[in-house]
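Here is the structure we will look at, set down as structure tokens.
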Amino acid sequence: MADGLGVAVRFALYLDLALLCGVPLFLLHSFQREWEEGEPGLEFGAWPAVAAGAGALLAALSLALLAQSMSGAESLTALRFPILAMVVGGTHAGLAGAIRIGALLLALWLVLRMKHRRVAGLRALAGCAFVALASLAWGGHGAMDDGARGYVHLWADVVHLLAAAGWVGALAVFAKMSWPSAGAPKRQVRLLSRGLAGFAGLGTVIVAALTLTGAANYAFIVGPTLNGLLSSPYGLLLLGKLGLFAMMLALAAANRFRLAPRLEAAIAADRPGAALVLLRRSVALEAGAATAILLLVAWLGTLGPPTGS
């Protein structure tokens with residue numbers, strides 16, 4: 001899966017699952033009551049069903065690409081059921097892929113049956129999406145170790161994925177709310193301001209989790225060395241990822257200490273327009289950096305670590 005198609009499928013799957021898991025989790029954390037009461041600014045329409053369905057298709061394609069790579073089949077059309085059964089039954093990555101497909105199909109079924117906004121339904125959707133997201137850890141470097149070290153590495157990967165999804169989900173909700181609906185724009189802007197203020201504590205936890213698990217993953221994959229970072233594709237992509245992460249931290253700090261207070265003051269003065277424009281730009285830049293990071297993560301998962309001296 002080191003080819004362009006494999007990286008593209010991995011990237012699309014990472015982005016899809018980060019949103020499908022992160023958005024419900026952030027709604028449950030910050031806007032549970034408002035979501036259940038039907039707040040227009042928190043209406044995502046058919047998006048959850050589309051995301052779950054697309055995720056299931058991407059997961060199936062990812063499993064097929066894995067089977068093709070392991071079997072040496074010339075094309076996807078050359079795959080047969082016995083090959084897929086062997087990959088699912090004989091490898092951790094294959095089993096994780098099958099579980100991912102099942103979790104996403106269950107998520108799709110839940111969304112299609114969710115006629116009214118219910119917190120229980122949102123929790124069930126978040127749970128299914130989390131299972132699908134966590135299964136990605138078995139498809140990358142997290143599955144390279146055995147024994148106790150292997151379990152620690154896998155769980156570090158799972159926590160890293162969950163923290164990233166939480167951040168991506170929050171950005172998606174903030175982006176949605178920064179465009180007030182026609183029905184209740186003032187209420188929606190106030191909710192956005194409250195959400196930004198409430199994200200401060202959660203954001204700190206997310207950044208700490210990403211930093212600690214990221215450092216642990218580097219130690220597991222590369223070891224206690226910086227050799228090869230500037231001379232290998234893996235090292236250069238990793239440095240690019242760290243640069244984008246630093247950019248996200250700077251933008252998040254600007255949101256917390258400058259733009260959120262500015263929006264709050266603008267709401268008090270009943271003139272939130274200019275503050276909303278600035279916030280939209282910042283959230284868009286932060287979301288762009290997050291998307292680029294997911295692309296780099298998808299690519300990094302197909303590369304070997306640096307071996308420079």
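Just so you know, glycine gets a Cβ as well, placed from its N, Cα and C.
As annotated by TrEMBL, domain 'Copper resistance protein D' applies to 196-300.
Annotated transmembrane segment per TrEMBL: 12-32 (among others), in sequence order.
Sequence annotations record features per position, and here TrEMBL assigns transmembrane segment to 44-67 (among others).
The transmembrane segment feature in TrEMBL is assigned to 79-112 (among others).
Feature annotation from TrEMBL assigns transmembrane segment to 119-138 (among others). Tertiary neighbourhood of the transmembrane segment (119-138): same-chain residues 13-14, 17-18, 20-21, 24-25, 27-28, 32, 35-36, 48, 52, 55, 59, 92-93, 95-97, 99-100, 103-104, 106-107, 110-111, 154, 157-158, 161-162, 165, selected by CB-CB distance under 8 Å and a gap of 6+ residues from either end.
Sequence annotations record features per position, and here TrEMBL assigns transmembrane segment to 158-175 (among others). Under 8 Å from some Cβ of the transmembrane segment (158-175) lie the Cβ atoms of residues 15, 17-19, 21-27, 30-31, 42, 130, 133-134, 136-137, 142, 192, 195-196, 199, 202-203, 205-206, 209-210, 213-214, 217, 248, 279-280, 283-284, 286-287, 290, 293-294, all in the same chain and six or more residues away from its ends.
Within the chain, the transmembrane segment (196-221) has long-range Cβ neighbours (under 8 A, six or more residues past its boundaries) at 29-30, 141-142, 144-145, 149, 152-153, 156-157, 159-160, 162-164, 166-167, 170, 174, 238, 245, 249, 252, 255-256, 259-260, 263-264, 279, 305. Annotation comment: TrEMBL describes 196-221 (among others) as transmembrane segment.
Outside the transmembrane segment (233-254) by six or more residues, the chain places 167, 203, 207, 210, 218, 282, 285-286, 289-290, 292-293, 296-297, 299-300, 303-306, 308 with a CB less than 8 A from a CB of the stretch. Annotation comment: TrEMBL describes 233-254 (among others) as transmembrane segment.
Same-chain residues lying 6 or more positions outside the transmembrane segment (283-301) and placing a CB less than 8 Å from one of its CB atoms are 7-8, 10-11, 13-15, 18, 139-141, 164, 167-168, 171-172, 174-175, 178, 234, 237-238, 240-241, 244-245, 247-248, 251-252, 255. Sequence annotations record features per position, and here TrEMBL assigns transmembrane segment to 283-301 (among others).
Regional average pLDDT for the domain 'Copper resistance protein D' (196-300) in the model is 92.
Beyond its flanks by at least six residues, the transmembrane segment (79-112) meets 20, 48-49, 52-53, 55-56, 59-60, 62-64, 66-68, 70-71, 73, 121, 124-125, 128-129, 131-132, 135-139, 143 of its own chain at Cβ-Cβ distances under 8 Å.
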